[in-house]
Every structure is written in structure tokens, then in C-alpha cells.
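**Student:** Quick one: the structure is below, questions incoming.
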Amino acid sequence: KMAAAGGPGAAAALWSEVNRCGQNGDFARALKSVNKILQISKDDVTALQCKVVCLIQNGNFKEALSVINTHTKVLPNDVIAFEKAYCEYRLNRIENALKTIQSASQQTDKLKELYGQVLYRLERYDDCLAAYRDLIRNSQDEYEEERKTNLSAVVAAQSTWEKVMPEDLGLREATYELCYNSACALIGQGKLNEAMKKLQRAEELCRQSLSEDSDVTEEDIEAELAIIHGQMAYIMQLQGRTEDALQLYNQIIKLKPTDVGLLAVIANNIITINKDQNVFDSKKKVKLTNAEGVEHKLSKKQLQAIEFNKALLAMYTNQADQCRKLSASLQSQSPEHLLPVLIQAAQLCREKQHAKAVGLLQDFADQHPANAAEIKLTMAQLKIAQGSVTKACMILRSIEELQHKPGMVSALVTMYSHEEDIDSAIEVFTQAIQWYQQFQPKSPVHLSLIREAANFKLKHGRKKEAISDLEELWKQNPKDVHTLAQLISAYSLVDPEKAKVLSKHLPSSDTLSLKVDVDALENSHGATYIRKKAGKVTGDNQQKEQGQGDVKKKKKKKKGKLPKNYDPKVTPDPERWLPMRERSYYRGRKKGKKKDQVGKGTQGSTTAGSSELDASRTASSPPTSPRPGSGAAVSATSNVIPPRHQKPAGAPATKKKQQQKKKKGGKGGW
């Protein structure tokens, strides 16, 4: 056959071409030569293997897998297991890749490397950790640093998603990848400040390593740093520095990184910051989470969180049908998860269907008892919002695992007190105290609850019940004077004789050493009363003070001030303390009195009776008129005008000045 196609010489030349192209990395040209060889011999195993490798190098994974599957007789799994598994891995057929690797008769180093990657994508972190440890232990080549980086990535994933305490691998963090993975592990532990320092170190190492390459631009460095900056922003968000985080997130988006997974995570985090505000920005950002290939870049928990936020965003934007559709889909994927049913209940509450929301939550609690506690807390909150406090208390008391918790006891007692159901409140205290007596009798919470119960009973008049609690406390700590004082106080209202007997246990006043500097206390800034410093007392005065020490000094009363027009002969008006309008003799103001006295005519003219006041017409007055500024002489027979109706002295002169000013102003043309 080979002779018919051109002879052995042609085939040898083609193989030489394939070898040369392979060494030069020109796999497209090598593929052409391989295809020519396969035309000569279609079942040539080496040629088929070369074709698969060329297709993989060119990124044609589907075609490579098709060649493998169509030549299963010639290419058995043992021969081409790695190439087949790698194609399946790159096509995101992770489960198929795992089966291919496990079915191989011989586990080569290449298969082990791929096996570790497959386990990581399947989120089987324990198995993945064991695989990489085995590889590092049994391999010695130039890829050791990459294996250590992958190992640290597994530890970081365990810390983040499984909340496993990461072990110290003893890796020297000489590369920015190792520093970055270490920071991620610290974030999973909640050590945010330490994680931020690691990320800053990773940024320094990244800049150093990339700046050594002259072909790398500043834009390339910023693109590589995007994932580090993204984690920095996430730490800021966790620390409550939302404005700083938002600014850094938006800077990364402006760079337009090619990593769709990074963009999706950043967009999701911005949506969580926006919440029910700035929903238009959130609707733009949510498009980044729908990019092609995102589902293969992120973990299951990351993808789930994104879907939850999409449902919440639909609720905030009043897209009720979309919200129900997304939450129902999430519930079908994770039937035991709380968030989908909580989102559905929240949507029903927005639609004022509170009863339906409570029913939905109750059904979930019945079907999933393990998650019932959180659901019942939500149900209680809805009942309180409806004003059904008693029903809310019943729901809370049905959560057995939380009944003894101090927070739950406090909430129930407060709610029952609001409803004035004191018996139920005391019952809550009793049940919690009994739980601690049975399981944790020496817990400080136990004694704290007994004290709180006693105080509550005393406050609501249940003295006998409070006494039993106080006796229990005193029995636990006989040296507790505060408890003893409370017990004596309670007994004094019920059994005074018993109170007297118990009072003997109180410490004597001599033993109570109160080291208080009275002078310093009285002279302090916050003292409301400051004792006046006594002056020097000498001689007889000192003896008088000593002899009359127990006689109180009488303070002299100051005489009250009397009004200026006070007349001792006249009886004071008994209604003088009342406002004028409220006095019995008040008749109101007389209207029109002043109008009659107002002069009409030119300015300065007097009333109609002015002729009677003209001094020039009287017999006793001299013929000359009075000087300006002097008081006019009034005859003894004329009516006296009150001072307020007289012209003020010097008025005519003032008038003349004003007229002169007006004239002057008129000439000036102002």
C-alpha cells in the first residue's frame, strides 16, 4: 500500500517534516504532514497519536476527542489515556475525565498531575491534597514550584469553602502565587489584617517578577495584579470599608480583565454592597455574572451565591415572577438550603401575604427539622410584625435547642412582659435554670440566670418565689454580701424575724473600711454642693461654737422689696397678681379717645382749643412771642395739657433744619 501511494521514501520524508515542525512548535503544519501519512496508512498508531497531539496543541479538543473515539480499536485507553482525559478536562467534562484516568492500567506522572487538577475541579479537596503531596514527594523536576503552588491553592480552598483549619505546609512564600494563596487561607480563618499584609507582599513580588521582563508593559502588570486587588477589595468589604472596596472594584472593571470568573465575582460583590439601593447599577453588573464560561471558573458555592443575589435583585426591582422563578430553581437544586425559601417568603411579605409566607416557612420546617431553628426565628419575626406577640413566643419556645440560651430567655421574658404575662415569663426562667442545673450546673450563665430571675420576681411582686432564688444564690456563695442584702430586703417584707436573723450575717461597720477623701469628693468638679471653708476661729468665739455645737443657726430672712409707689395707708389690690385683662374691674380700652386729640391740618398745628392755650391772648402775658426752645407760659386760668401732649423743647429748630436739608437735596438733583 505504501508503495502505491508513493513508496517508503515519501513516508520517511513526511515523518521528517512532522519531527521538524514539532520541534519548531508549528503544529498546524505538522498536522498536514500527519494527515498525508494517514492517507498512506490510515491505522498507523503513531500517526494517529501525533494527530491527536497536534489537534490538542492547536486547541481543537473536540476534534481530538473525536479521533480518539473513532479509533478505539487502534488506540486503546492504555495507549492514549492521558490525551483523552486531558481533552475531556478541557471540554469541562470533569466526571468523564476522572473515569478515564481511573480506568488506565498504568498511572504515569502525567496522569497523576491531571488527576490532581480533576479532583480540585470536583472540589474533592482532601483527595486532591493527598495526590499533590504524593507528587511532590516522588517528583524532582523543574515543575516543583508549580506543584507547591497548587498544593497551597487546595489548602486555601479548604479554609474558604469547608472552614477547615489549614495546616502549616512549611512552604517558603517566595512567589506572589504562594503569597496570594496564603492570604486566601487567612481570609477563610477570618484573619483579615494578616491577609491584607500577605496580599500587599504578593503585589510587591508580582511587580518585581514582571518588571524583570522588558516586554511586559504597565497594563500587563495591572492586569496580572487584578486578582490580588480583587481580594484586597473583598477584605475591605468584610471590614465595613464599603466605599474603598467599591472604588477598587470599579477600577478593576475598567481594566477589562479577560478572566470572566474574576469579573463575575467582583460584579456580585458590588451587587451585595448596593443591596436595595442603586438597583440600576446592580442590573448592569449582573450581566457580567452571565458571561460565557463563568460556570467553569467558579466553585459551586460561588455560583450559588450569585444565583441567590440574582433572585434578591429581582425582588428589589419588583420583578415578582422572576424572583419566584429563580428561587424555585434554587430550591430544586438544593432542597435543604434555607435561602431559597426565605427569599420566597420575603417576596410574599412584600405582596402583603404574611399568612402564606408563614405557611410556606412552616412546611419547610416540617420537612427539614435540622434547619427548623432559623426558619422558626423568621416565622416569629413575621408574627411580631403582624402584632401577634403571643404566637411569636409560642414559635420561639418550640425551638428546643435554643430554649436555654440567654438571648432567647431575654427575648421571651421581654415579650411576655410586654403582654403582661408574668407567669409565662417566670416559666421561661425556670425551664432555662433547670436545663443548666442538669447539664451545666457550674456554668456562670446558670448563676446569672438565677439572679435575673430573682430580680424579675422582686420587680413584679413575687417575693416568696424570689426568696428561693436568692437563697440558692447565697448558698452557692455565702460571702456574697450583695445577694445577702437582697435576701434580707425581701424577707423584711414577708418575714421580718427571718430578716433579723439573716442580718446577723452581714459584716460589721468596723470591717467595712471605706477609704473616701471627703474633702476631695466635695471639691471635685461634679460635686453639686461644696462646703464653704470655715474661717479662723479664735478665743471666745471658738468656745461659743463648742458649747453651742448642737444648736442650729437661724438664717436671717431678707425683707422683701416694696414697690416705689407703695402707700401703707392704702389696702393693696387683692387682684394685683392677675393680668390686667383677668381682673374683675377691667372694662377694656376706650376707643377713639386719642383720635379726638390728634390735631388736623399742617404739621405742628394744634387742636381746636389752641386759642385757649395761646399765652399772647391772656392779659398777663407780654406782647412778644416766646423764644424758640423755651417753655410757653401758661395762664393760671387755662386747662393744663399733660406732658405727653406738649411739644418737645427745641422742636421748631429741628424742623427748620430738616426743611433746609430737603431744599438742599432738591437743588443738587439727586
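Note: Cβ is positioned from N, Cα and C throughout, glycine not excepted.
What TrEMBL records for this protein is below:
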- 94-149: coiled coil (COILED)
- 552-562: compositional bias 'Basic residues' (COMPBIAS)
- 564-585: compositional bias 'Basic and acidic residues' (COMPBIAS)
- 616-633: compositional bias 'Low complexity' (COMPBIAS)
- 654-670: compositional bias 'Basic residues' (COMPBIAS)
- 531-588: domain 'Signal recognition particle SRP72 subunit RNA-binding' (DOMAIN)
- 532-670: region 'Disordered' (REGION)
**Student:** What average pLDDT is reported by the model for the domain 'Signal recognition particle SRP72 subunit RNA-binding' (531-588)?
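**Tutor:** When the pLDDT values over the domain 'Signal recognition particle SRP72 subunit RNA-binding' (531-588) are averaged, the result is 68.
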**Student:** Using Cβ atoms and a strict cutoff of less than 8 Å, what residues sit near the compositional bias 'Basic and acidic residues' (564-585) while being 6 or more residues removed from its termini?
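**Tutor:** Same-chain contacts beyond the ends: none.
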**Student:** Using DSSP, what's the helix, strand and coil tally for the compositional bias 'Basic and acidic residues' (564-585)?
**Tutor:** 3 helix, 0 strand, 19 coil
